[in-house]
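Worksheet for the structure shown next.
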Amino acid sequence: MRTLLSVFLFLSYFTYPSSQTSRELIFNTNCTKTSSNSTRFMTFVALVDPLCKPSPFFSHHHWYSSLLASSSSTTSFIHVYNTLIHGFSASLTPYQAKHINSSHGVLSLFPDSIFHLHTTRSPSFLGLDNLKLKLLNSSGSNVIIGFMDTGIWPEHPSFADDGLEPIPAHWRGKCETGFGFNQSNCNKKLIGARFFSGGYRAFFGHLDHPASEFRSPRDHDGHGTHVSSIAAGAPVTGSSFYGFAGGLAQGMAPNARIAVYKVCWVSGCLLSDICAAFEKAILDGVNIISISLGSSRLPFHLDLLSIVSLRAFSGGIFVASSAGNEGPSWASITNAPPWITTVGAGTIDRDFPAKLLLGNGISITGISITLTRESKLTRGFHRLYFGGEISSSKFSFSRQLVKGNIVLCLTTGHMPRMLLGASLLSLGAVAMVICHGSIDPNGIISEPHVIPTITVGILEAKLIEDYILSSDSPVANISSQGTVEKHARPAPVVAAFSSRGPNSAVPGILKPDVIAPSVNILGAWTDAIGPSSVALDNRRPQFNIMSGTSMACPHVSGVAAIIKSVHPDWGPSEIKSALMTTSNTHKLYYYRNVSLSSSSLILDESTGKAANPFDFGAGHIHPERAVDPGLVFDLGYQDYIDFLCQLNYTKNEIHIISGKHANCSNIGKGQLNYPAIVVAAEKVGHKGVNFYRRLKNVNEAGSRKYKAKVVGLTGFYKIGVIPKKLEFSKIDEKLSFKIAIRKEKGVAKRNSLWVGALIWHEIGGKHRVRCPIVIFSRQR
């Protein structure tokens with residue numbers, strides 16, 4: 001299991017709620033298990049209305065038991081849900097599923113789904129070594145981040161509790177024991193750990209041997225350990241990956257507490273287990289949920305992860321999730337609901353340059369974290385061999401051709417590069433030169449290959465290939481330049497692999513919300529497996545370098561913890577607004593720990609051109625500004641119920657999503673108070689369109705005045721703001737305004753995207769509250 005993430009199911013894109021009724025069962029053969037007697041079993045999650053419990057049953061559990069008994073005498077529960085949602089999960093035949101789905105009080109039956117993970121310097125790059133934020137971070141934190149991932153390696157120094165205050169009084173969780181894990185593994189940093197495998201075992205029939213998995217919260221994969229340390233790891237001096245990215249490693253919120261919910265195992269993460277983990281996390285008292293895996297692109301009433309996330313929002317829990325690694329494709333974003341903060345991937349200003357010197361004297365620049373300055377590859381030359389283009393895991397090489405040689409491989413698509421390197425090493429190759437290819441969404445990233453490896457770009461790979469094919473005896477040597485920081489590369493840049501908008505589920509909601517560091521990120525690592533995760537990798541470093549939107553999500557979770565610690569009364573919408581309205585759309589530089597914006601827009605790695613909000617959302621997070629945003633767009637649970645009504649979800653579908661009986665006839669024409677405006681050009685038309693928003697003053701000084709300024713869109717659209725000034729007289733006061741969008745003459749109708757922003761400038765103050773405006777054509 002690596003940072004590459006996608007949903008295992010083959011699911012359709014939906015733009016609007018489906019006309020399909022929620023009572024119709026959807027059977028997915030990817031999640032079907034066949035027994036020896038050819039009876040098909042699938043794991044389902046049954047969602048019920050708790051108010052419909054018949055009076056003869058003394059408890060909901062008793063009622064659920066009768067539902068199972070009426071369809072089978074042998075079926076038992078996998079999980080029972082009683083908090084965020086009400087119902088149960090069980091393995092059922094199609095006949096049993098249809099019987100239960102038609103039973104009184106059952107709202108819907110969801111087939112279980114397999115999800116996969118979306119898989120230092122970054123605190124400094126974000127300005128978290130700024131003195132002010134250091135002081136904020138040094139105070140005792142009562143904020144608890146719950147991680148739903150592969151578990152944790154508790155002995156790692158990133159999870160030491162030195163200097164931490166007692167465990168927060170609102171914590172109600174526990175440390176579950178299991179293979180290689182007991183209660184003593186928890187402390188004042190790692191305050192809770194649970195594991196959920198019922199759904200996984202129901203589908204796969206087993207948990208693998210301890211050689212490849214621990215039936216406990218202990219992390220065999222490394223991903224969970226890595227993301228936990230990014231968000232809330234304790235300071236560790238002298239950390240590095242074999243000398244690369246050396247220095248002080250610490251999380252975004254080093255005093256925040258960690259609660260681990262292991263839901264991902266060697267073959268994936270089951271939705272039924274994730275729902276059970278959400279339930280426990282809320283009961284345990286977490287403040288933030290960080291989940292670096294992807295949901296399906298389904299209407300909300302068919303997406304159980306969306307449903308439990310909304311229920312968590314109603315309990316005041318901030319949910320952050322990764323955007324996915326399917327970029328740069330249009331509309332590839334996952335985790336689309338507006339109540340989830342969806343995080344895309346950006347780069348940081350650190351690189352690991354390496355040189356490949358060809359026998360003809362041409363020097364090729366690439367990157368590497370598997371070479372050292374003393375490597376034997378720097379002494380003398382080795383023969384170069386062209387291994388060709390590789391697009392799948394079905395590759396083979398002749399030992400005679402690769403032994404003792406440096407091998408060039410051109411890889412495309414989502415193929416297992418770590419296994420490729422391991423295969424070459426086992427055949428006696430001395431090094432690998434790899435190019436990820438023009439269609440590979442992973443771009444140029446550093447990877448901890450088991451064989452010495454240098455990664456090069458497409459143009460550089462072509463130079464090497466031409467040299468190999470034109471020379472009778474092609475040779476090269478490789479050398480590392482170590483770690484280069486501060487302006488090593490333009491930063492941030494939207495990573496090529498980061499999934500993009502627009503939001504296919506709800507086009508009027510901007511996704512991703514923000515981007516955060518996610519390329520070449522140093523984080524804690526498990527002691528159970530090597531950094532490449534291949535079997536012959538015997539290395540056991542304390543830290544590993546990884547890339548993916550999986551790494552972006554915990555950056556935001558950690559910054560959200562900082563905001564929550566400063567503003568303990570803020571809910572998830574205030575935190576999200578603060579992150580979005582203070583984010584950067586321009587490249588950042590830091591001089592003496594002070595952030596400076598350049599005049600250059602954030603670039604898109606896949607094109608080399610300026611990125612847009614469908615790439616980076618509202619922008620790249622800026623923690624110092626987010627702690628003190630001045631104004632916020634506030635949203636409550638009822639606002640989302642109204643929003644669902646406006647999207648034309650039926651009463652039953654809204655009941656499934658929210659757990660509430662909605663009366664959409666009483667809903668006005670108000671709009672979701674989201675901190676971004678996205679509209680189709682076709683909707684603007686010639687008559688124009690109006691948007692209404694509301695801002696809440698969170699400045700402790702109380703009285704403040706703001707003036708509106710619109711940037712961008714000039715010559716294409718006229719943007720009017722009414723009123724043009726907002727005057728707040730006290731803290732928590734709310735004021736509304738209107739944004740009128742009208743089309744200018746001559747605007748192109750096809751293949752166009754127009755981007756601007758409304759910025760509220762504080763008169764005589766420092767605050768800038770930015771709201772992106774995106775107008776796009778659906779006729780692409």
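Cβ atoms here come from the backbone N, Cα and C positions, even for glycine.
Here's what TrEMBL has on this protein:
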ACT_SITE  Asp149  active site, charge relay system
ACT_SITE  His223  active site, charge relay system
ACT_SITE  Ser550  active site, charge relay system
DOMAIN    55-118  domain 'Inhibitor I9'
DOMAIN    140-605  domain 'Peptidase S8/S53'
DOMAIN    671-775  domain 'Subtilisin-like protease fibronectin type-III'
SIGNAL    1-19  signal peptide
Spatial separation of His223 (active site, charge relay system) from Asp149 (active site, charge relay system) - C-alpha basis, Å: 7
Rounded Cα separation (Å) that holds between His223 (active site, charge relay system) and Ser550 (active site, charge relay system): 9
Collapsed DSSP category at His223 (active site, charge relay system): helix
Secondary structure at Ser550 (active site, charge relay system), reduced by DSSP to three states: helix
In three-state DSSP terms, the structure that Asp149 (active site, charge relay system) belongs to: strand
Number of other Cβ atoms within 10 Å of the Cβ of Ser550 (active site, charge relay system) across all protein chains: 34
Cβ-Cβ neighbours of His223 (active site, charge relay system) (radius 10 Å): 31
Tally of DSSP helical, extended and coil residues in the domain 'Subtilisin-like protease fibronectin type-III' (671-775): 4 helix, 60 strand, 41 coil
Mean of the pLDDT scores, which run from 0 to 100, over the domain 'Inhibitor I9' (55-118): 88
Asp149 (active site, charge relay system) CB neighbourhood, other CB atoms within 10 A: 30
